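Take a look at the structure set out below.
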Amino acid sequence: MIKSIPRIMLAPMQGVLDPFMRKLLTAYNDYDLCVSEFVRVVDQRLPKKTFYRLAPELLQGGLTDSGTPIRVQLLGQYPQWLAENAQLAIELGSYGIDFNCGCPSKTVNGSHGGAALLKDPELIYCATKAIREAVPKAQPVSVKMRLGWDCASQCFEIADAIQQAGADEITVHGRTKQDGYRAERINWQAIGQIQQRLNIPVIANGEILDFNSAQKCREITACCGLMIGRGALNTPNLSKVIKYNVAKMAWSEVLQLLYEYVNMPNERDSGFYHVARIKQWLHYLDKAYPEAVDLFQIVKTEHSYDGVKAHIEKAVGRNEKTNFQ
């Protein structure tokens with residue numbers, strides 16, 4: 001068993017790990033870093049409000065309420081504009097810059113962003129180099145990649161390009177774009193080969209769901225850093241589970257998190273935001289908590305915020321009553 005404690009980073013999951021979820025999960029965990037949802041860059045220097053909307057932590061020194069640093073992730077294909085927006089993100093307080101070369105979304109790939117860049121290692125090199133040159137050397141530049149578009153044959157060329165461009169570290173999701181998130185397609189061995197090849201830190205990502213899978217991933221890859229996304233939603237205290245081999249959070253504690261989440265003020269919410277996000281989160285939670293299946297069945301047909309909130313409060317009350325008895 002590997003006894004050293006790994007760096008644990010909270011992944012950038014678009015439309016899932018939003019500022020509210022980051023605030024909640026970093027309060028109950030021990031993350032070393034969290035990465036924002038991507039900021040889409042096209043052909044302009046974006047207004048500050050775009051960065052503040054996606055990463056409001058920038059308004060408080062680049063930290064979550066619990067003190068976890070936030071790194072802004074940029075998505076795009078034009079080196080000049082990626083560089084200009086990277087510079088702005090640093091000025092606003094981002095702890096370094098992350099460049100997205102792994103998002104498998106059809107919409108994103110259709111506009112030549114995210115994983116679509118894996119087809120063009122030279123463009124990845126140019127974009128990463130432009131970002132690195134625009135950002136002060138004291139600020140880290142990282143790149144998140146997959147093993148390739150439809151096969152892993154170019155993974156070394158891509159990783160080499162990222163290192164040669166001056167990136168400080170690289171996060172490798174152990175599947176190709178076409179693999180999607182199929183568990184049986186995870187390839188930690190390829191991450192390990194990249195780690196052996198490079199001189200910069202390599203962070204492993206993909207199918208890290210509990211203490212045992214984290215241990216196995218580290219044994220195979222020899223990576224000292226891990227990035228977790230879906231697993232962090234399945235098991236809300238996963239970083240502590242991985243770092244300290246503690247038990248997963250009890251369902252009663254998960255209910256309290258759901259209660260906190262549904263009560264978080266959101267001035268942009270028209271009444272549907274928390275409704276959709278609670279249902280979405282329950283779908284992740286049911287991978288680790290059978291009780292989440294029952295709660296989802298209760299709320300799935302509820303379309304009002306007040307209705308969902310009432311169901312969550314009732315579930316908390318029932319649980320407290322059961323525990324008291």
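Each residue, glycine too, has its Cβ placed from N, Cα and C.
Non-local contacts of Gln14 (FMN binding site) by the CB criterion (under 8 A, 6+ apart in sequence, same chain) comprise Glu37, Phe38, Cys103, Ser105. Per Swiss-Prot, the feature FMN binding site maps to Pro12, Met13, Gln14, Gln73, Lys144, Asn205, Gly206, Glu207, Gly229, Arg230.
Shown in sequence order, Leu75, Gly76, Gly113 are the residues of the chain, 6+ apart in sequence, with a C-beta less than 8 angstroms from the C-beta of Arg40 (site 'Interacts with tRNA'). Arg40 (site 'Interacts with tRNA') falls within a strand when secondary structure is assigned with DSSP. The site 'Interacts with tRNA' feature in Swiss-Prot is assigned to Arg40 (among others).
Non-local neighbourhood of Asn100 (site 'Interacts with tRNA'): Pro12, Phe38, Gln73, Leu74, Leu75, Gly113, Gly114, Lys144, each in the same chain, at least six residues away, with C-beta under 8 Å from its C-beta. The feature site 'Interacts with tRNA' is assigned by Swiss-Prot to Asn100 (among others), with sequence analysis given as support.
Neighbours of Cys103 (active site, proton donor), defined as other CB atoms within 10 A of its CB across all chains, total 23. According to Swiss-Prot, the feature active site, proton donor maps to Cys103, an assignment based on sequence analysis.
Taken from Swiss-Prot, the feature site 'Interacts with tRNA' covers Tyr181 (among others), and the record attributes it to sequence analysis. According to its DSSP assignment, Tyr181 (site 'Interacts with tRNA') is coil. When other Cβ atoms within 10 Å of the Cβ of Tyr181 (site 'Interacts with tRNA') are tallied across all protein chains shown, the result is 13.
Sequence-distant neighbours of Arg277 (site 'Interacts with tRNA'): residues of the same chain at least 6 apart with a C-beta under 8 Å from its C-beta are Asp18, Phe20, Met21, Tyr261. Residues or ranges marked as site 'Interacts with tRNA' in Swiss-Prot: Arg277 (among others).
According to Swiss-Prot, the site 'Interacts with tRNA' annotation covers Lys279 (among others), on the basis of sequence analysis. For Lys279 (site 'Interacts with tRNA'), other Cβ atoms within 10 Å of its Cβ number 15.
A C-beta separation below 8 Å, combined with a sequence spacing of at least six in one chain, links Tyr284 (site 'Interacts with tRNA') to Arg230, Leu233, Asn234. Annotation source Swiss-Prot lists site 'Interacts with tRNA' at Tyr284 (among others).
For Lys300 (among others), the entry in Swiss-Prot reads site 'Interacts with tRNA', with the evidence type sequence analysis. Taking Cβ-Cβ distances under 8 Å and a sequence gap of 6 or more within the same chain, the neighbours of Lys300 (site 'Interacts with tRNA') are Lys279.
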DSSP-derived class (H/G/I helix, E/B strand, else coil) of Arg277 (site 'Interacts with tRNA'):
helix
List, in sequence order, the same-chain residues at least six positions removed whose CB sits under 8 Å from that of Gly206 (FMN binding site)?
His173, Gly174, Arg175, Ile186, Trp188
Around Gly229 (FMN binding site), which residues of its chain at least 6 apart sit with Cβ under 8 Å of its Cβ?
Leu10, Ala11, Pro12, Met13, Val16, Leu17, Asn205
What does DSSP say about Tyr284 (site 'Interacts with tRNA'): helix, strand or coil?
helix
